[in-house]
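Novice: Annotations for this protein, taken from Swiss-Prot, read as follows:
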BINDING   9-16, 57-61, 119-122  GTP 1 binding site
BINDING   193-200, 240-244, 305-308  GTP 2 binding site
DOMAIN    3-167  domain 'EngA-type G 1'
DOMAIN    187-360  domain 'EngA-type G 2'
DOMAIN    361-445  domain 'KH-like'
Amino acid sequence: MIPIIVLIGRTNVGKSTLFNVLTKTRDALVANYPGITRDRQYGYCKLQSNKKIILIDTAGLDIKLNEIEKQAQAQTLIAIKEAHLILFLVNARDGLMPQEYEISKNIRKYQKKTILVINKIDGINEASKINEFYSLGFEKIQKISASHNQGINTLINRYLIPWISEKFKKKITENLYKDTELKKIAIKVAFIGRPNVGKSTLINGILKEERMITSNTPGTTLDSISTPIKYNYENYTLIDTAGASKKKKKINDFQRFSIIKTLQTIEKSNVILLIIDASLQTCHQDLSLADFIIHSGKGIVVVVNKCDLFNSVELKKIKELIKSKLKFLYFSKIHFISALYKKGIFQLFKSIKESYEDSKRKISTSTLIRTMHIAIKKHQPPIIKGRRIKLKYAHLGSSNPPKIIIHGNQVKYLSLPYKRYLINFFYKTLKIKGTPIQIQFKDNENPYVKNKN
């Protein structure tokens, strides 16, 4: 299970700044689904030793005292329920505010481990302003300045990493099996998408039975359901994001799309089917989900459903538009299907298997070095301070997803366009399909530089 940490506090205490520092900003996924507060953001945070957490940034709680409980239930208390750890942020410059007593009361109701984070300590000389926060009664307290990156490492090393190590002792790795055993393992396929795009209908079509409840109401499915299946002698586990049992008649509290369950499903899967509604085409949520899947390093296959609603002329325009918007997923197959009429659904398995096998592929060092040299010959790295950046050799750092390590001189000066060029070249030359690849650049240190007097 991946740890979940939520940031809560009033407006302007620096939650979003800390969120961006920890997630490196670009990992954020904005939740814009029915029933979910738009101000809540979800992101991955990678700590030292490759410890990964899900971080939630919530809306500010700047409201009247008699409305706190009502408003918090609408946006922040749901996040608190989902979280394993709470980072309660306060603003040192403002001092202790009445709302923070109310927020702390709400936190204690759920008996979640909490760290009080006193932010914006830069330029503060009044010790009394900071000391008054101790009256909130939290044992774990850390002073930081998120905007100046001050105290962040202490927060991580003193509190977050020890907490993760203690609470999540069991480490789940996908590399426990030898290559010869991979065929015996079921490929875990997650069906991800916005509410009502046809995830359950697609699984029902594959299973040829009504295993999932389907309806036109967004948010019908509440808990993830895993279903084993064998197709063409290969074992698969189909995971529907958040499903509902027939016993559940009320969906009052959860007419919402569970981002947390989606992210957890992505984490435990091998290949992700990103399902898009052709009638709605692509929107910000689809693009955000796609970006999140790429950052998670999982294989991805794009499935555009409900194509039966359009004639051939309309469908051609939709295909062109969707391919244009998803051009950053050039390494992934895009399938246009009708889950309702079972058109094109079994062609998905070929792409799923390709994606899975390519994510596990072992690429030799000689192949990577040769590919790198061909790329350099066609397009040389830029010249920095009169010297051309040199890329010397490459090797595979890890698989699932494939991670290529390139060593050279001055590689820290490589531009983003040139890095993209190399990634695209490796994709094309190595014919990698359906899985993101990562490239890490390492500067070769000159052993004589450190010995200079």
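These residue numbers are counts, starting from 1, taken along the chain as shown.
Placement of Cβ uses the backbone N, Cα and C atoms for every residue, glycine included.
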Novice: Give me the count of other Cβ atoms within 10 A of the Cβ belonging to K15 (GTP 1 binding site).
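Specialist: I count 27 other Cβ atoms within 10 Å of it.
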Novice: I need the most crowded of these binding-site residues: G9, G193. Count other C-beta atoms within 10 angstroms of each C-beta and give me the top one.
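Specialist: Of the binding-site residues G9, G193, the most buried by Cβ count within 10 Å is G9.
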Novice: Counting across all protein chains shown, how many other Cβ atoms sit within 10 Å of the Cβ of T58 (GTP 1 binding site)?
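Specialist: Its Cβ has 24 other Cβ atoms within 10 Å.
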Novice: According to DSSP, which kind of secondary structure is K15 (GTP 1 binding site) found in, if we only use helix, strand and coil?
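Specialist: It is helical.
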Novice: Would you list the DSSP helix, strand and coil counts for the residues of the domain 'KH-like' (361-445)?
Specialist: 32 helix, 26 strand, 27 coil
Novice: CA-CA, which of the binding-site residues K15, T58, I121 lies nearest G193 (GTP 2 binding site)?
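Specialist: Ranked by Cα distance from G193 (GTP 2 binding site), first place goes to T58.
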Novice: Check the Cα-Cα distances from N196 (GTP 2 binding site) to the binding-site residues G9, N12, K15, T58, I121 and tell me which is shortest.
Specialist: T58
Novice: Taking 10 A as the limit, how many CB atoms besides its own sit near the CB of K199 (GTP 2 binding site)?
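Specialist: K199 (GTP 2 binding site): 29 neighbouring Cβ atoms within 10 Å.
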Novice: Taking Cα atoms as reference points, rank the binding-site residues K199, T241, C307 by distance from G9 (GTP 1 binding site) and give the first.
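Specialist: The smallest Cα gap between G9 (GTP 1 binding site) and any of the binding-site residues is with T241.
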Novice: For the binding-site residues I121, C307, which one has its C-beta crowded by the most other C-beta atoms within 10 angstroms?
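Specialist: Of the binding-site residues I121, C307, the most buried by Cβ count within 10 Å is C307.
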Novice: In whole Å, how far does the CA atom of I121 (GTP 1 binding site) lie from that of K199 (GTP 2 binding site)?
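Specialist: Spelling it out, the Cα of I121 (GTP 1 binding site) and the Cα of K199 (GTP 2 binding site) are 48 Å apart.
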Novice: Using C307 (GTP 2 binding site) as the reference point, find which of the binding-site residues N12, K15, T58 has the shortest Cα-to-Cα distance to it.
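Specialist: Out of the listed candidates, the nearest Cα belongs to T58.
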